[in-house]
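Okay, structure first, notes after.
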Amino acid sequence: MKRSMYAGRVREEHIGQEITLKGWVGRRRDLGGLIFIDLRDREGIMQLVINPEKVSAEVMATAESLRSEFVIEVTGQVAAREQANDKLPTGAVELNVTALIVLNTAKTTPFEIKDGIEANDDTRLRYRYLDLRRPEMLENLKLRAKVTHSIRNYLDELEFIDVETPFLSKSTPEGARDYLVPSRVNKGHFYALPQSPQITKQLLMNAGFDRYYQIVKCFRDEDLRGDRQPEFTQVDLETSFLTEQEIQDITESLIARVMKETKGIEVTLPFPRMKYDDAMALYGSDKPDTRFDMLLQDLTEVVRGVDFKVFSEAPAVKAIVVTGAADNYSRKDIDKMTEVAKQYGAKGLAWVKVVDGELNGPVAKFLTGIQEELTTALVLEDKDLVLFVADTLEVANATLGALRGRIAKELGLIDNDKFNFLWVVDWPMFEWSEEEGRYMSAHHPFTLPQEETAHELEGDLAKVRAIAYDIVLNGYELGGGSLRINQKDLQERMFKALGFSTEEANDQFGFLLEAMDYGFPPHGGLAIGLDRFVMLLAGEENIREVIAFPKNNKATDPMTQAPSTVALKQLEELSLQVEEDETNKTN
């Protein structure tokens, strides 16, 4: 029989109709001779009723044999429930079954197919096809589909052209590690899976496409965390002849459309703008969460004269005030925060509490001479907790920024119903890498420097500023973009500033430099992390919850066992040899 509709879409207007439904058995209950079954499909749950007085003995026997996750087909008449279930969209109706067929049986599942399960992540990923049957997972992926549909429609309206770019590309330095693909035809040569379509989309601007977009898979071989995966999806945009502001306007309108169509939320435009230096100074992060206060405050000069060398001789002393939280944190709790501080490079964490108008705590005795000044500067009140970090400015900002977010979660200071978007602008072009011992691109080496600082490409690289912009949502980097270099001489200067010799630049990027000899237009763009965006819209804390088949934190797939070893013959065809891991060798 042909399915009449989805089980989750049956409503009161269907009462009296004979329909056929297909799906999975959720629960089976035997009550007073009747059998009740929750039939589940992708749209929801429908209650089935099998009455022995109204069905054949064969149907009754089949119903009695049903177990969870059996796949069945049922036909019957829609009727009103005697007692409606307000928790279900189908709760006012039920199906009086007249025919029942088992389409497939099922073993006992390793976890219940319901929301709020306690199975560990690897078990869920091992049986991902079962995990995806759970309503919340179905809803997450349906939300993702709505988001991509909304994005495509909007960009199509603005005459952006959807162009596919290659997955097999060239490995280039800078940024995260590439995933490499050996070439069988060209022995000893490797493709790289793209970390982004950055260069190819710029070349599309040179080709005259003017407005390009793509919802595209990208790949980065990096350490994983909750909002990262080795393969991820981004909404990639590039435009010609537009200003930084015009690109941001398009992006804001795109996000506003998505928020309205998928969540029914009206967002206020334009989004606030914050300079990079201000974000770091006030929030200790280049992706500030503005849903709560607790701003970082600079006390370097206030404490300069105190008889406490940790403060008086430190390059910077900064603090956050946790309002009214003195009783929330014991010394043991603060010791735990000190360990967190050390993870960010801080040597320790100083603190005081305001108790009956006086400062109490390990460093309070050093601050008695400036208590009034400190109280005024920090606007202190009774029961406040003050946390200090004395270190370099970078360490102080990073440490207090991390503690700020941690404390806000612990104290429930964050309104999870808020969506606070903002732009972080006026970025440094370069950032110092301790690991590499040199300056590296803060974004990528194709970013256009601000004209008034471009002369420092041959001078102090720390002073070069980029025409770059990141869009931030609730403490997450949602995406980033910039205007791009389109002049060959400036691009060559950029490569030189990054330590490339002329030969190295030509070897890695010669095709791009050559393209700049042929009328490369001014251009710029942006990329939005689709997985992260949907994660935030869905109220999840890990992008695995909005990806159908993700990897775990070891970049492996417990279901398929990828990555796996391959046959020796395959390696020989690629002229590859795998060295045995020293830790696996036996003596």
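Placement of Cβ uses the backbone N, Cα and C atoms for every residue, glycine included.
For the ATP site, Swiss-Prot lists ARG220, ASP221, GLU222, GLN229, GLY529, LEU530, ASP531, ARG532; matching the candidates GLU477, GLU579, GLU580 against that entry yields GLU477. Within the set 50-53, 66-69, 198-201, 442-445, the record from Swiss-Prot flags 198-201 under the feature region 'Aspartate'. Between the binding-site residues GLU222, GLU477, the minimum number of other C-beta atoms within 10 Å of a residue's C-beta occurs at GLU222. Residue counts of the region 'Aspartate' (198-201) by helix, strand and coil are 4 helix, 0 strand, 0 coil (DSSP-based). Just so you know, the Cβ of ARG484 (L-aspartate binding site) picks up 22 other Cβ atoms within 10 Å once every protein chain is counted. Of all the binding-site residues in the record (GLU222, GLU477, LEU530, ARG532), the one with the smallest CA separation from ARG484 (L-aspartate binding site) is GLU477.
In the structure shown, the C-beta of ARG532 has more C-beta neighbours within 10 angstroms than that of any other entry among the binding-site residues ARG220, ARG532. Between the farthest pair of Cα atoms in the ATP binding residues (ARG220, ASP221, GLU222, GLN229, GLU477, GLY529, LEU530, ASP531, ARG532), the distance is 19 Å.
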